[in-house]
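Undergrad: Before I ask anything, here is the structure I am working with.
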Amino acid sequence: MLGKIHLLEGDLDKAIEVYKKAVEFSPENTELLTTLGLLYLQAILAAGSMMQTHGDFDVALTKYRVVACAVPESPPLWNNIGMCFFGKKKYVAAISCLKRANYLAPFDWKILYNLGLVHLTMQQYASAFHFLSAAINFQPKMGELYMLLAVALTNLEDIENAKRAYAEAVHLDKCNPLVNLNYAVLLYNQGEKKNALAQYQEMEKKVSLLKDNSSLEFDSEMVEMAQKLGAALQVGEALVWTKPVKDPKSKHQTTSTSKPASFQQPLGSNQALGQAMSSAAAYRTLPSGAGGTSQFTKPPSLPLEPEPAVESSPTETSEQIREK
């Protein structure tokens, strides 16, 4: 009973100590042994998840390898392994691990979210739409899911449904400026400059609040896209973004976006990469306020412009298969 109380309070270490003492007194109690084993599993997953957050993917994979020997059919384990490969940009291996996790836990929205995220990165938009739609069925109040769904719909050239998805994302997520930025890019590319400006100004308000309340550093490509959109919308000196110019080429490209409306050029596909969902100790507990500031424990990801060399090219994919 004392161990369960510690678990309810979220104190994993004390719960493990209590169950260890209980096993010493009753070493043949299968219920106690099973509970202690699951607690050790959660502790290792939590440690690996923290390492993933700090970008130590190889160290996290070493931890997960130990767990995989003992519990090879753990959905949270394969979810985390998949996102380690995603962080290492080995997307084929990431999809393989995530699909195994999805096979073991088909109703887990975090795994479906991650599958949609990886397929978006590989520009497989139909598959991304499939997994993100499934995730929304299980987690209908998470704004970032609707944003990623809108990105997939935009690239599938379903603009009207993309707008509806963005509108729902803006309604649900009151803190993430990336939602408004992506929505503004879509509206600008459709020639709706007035509505795009409204979303851009809403994004600036969210950025100002985040800067006042935390020392968050925004992704450089997200800042660059916001600068280009601000110049195209002729926002002027009201920009809240500051970013050093990398080279003369990028400077020239940034200033060239502020052209007359008759020569308006699209800013590129508003593809966005959301925050990957790792499974830690409280794996089965949904985050409180999915649209809150907890989504910004690390820098938010960005709207990507189309680049000549796509990361998911066939040559790279074949190299990843050989590495796997």
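Note: Cβ is positioned from N, Cα and C throughout, glycine not excepted.
Note that the structure is a prediction, hence the values are computed from the model and not measured.
Residues or ranges marked as repeat 'TPR' in TrEMBL: 1-29, 109-142. Per TrEMBL, the feature region 'Disordered' maps to 245-324. Look at TrEMBL and you will find 253-278 tagged as compositional bias 'Polar residues'.
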Undergrad: Per-residue pLDDT averaged over the repeat 'TPR' (1-29) comes to what?
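TA: PLDDT averaged over the stretch: 67.
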Undergrad: On the DSSP side of things, how many residues of the repeat 'TPR' (109-142) fall into helix, strand and coil, could you say?
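TA: Counting residues by DSSP class gives 27 helix, 0 strand, 7 coil.
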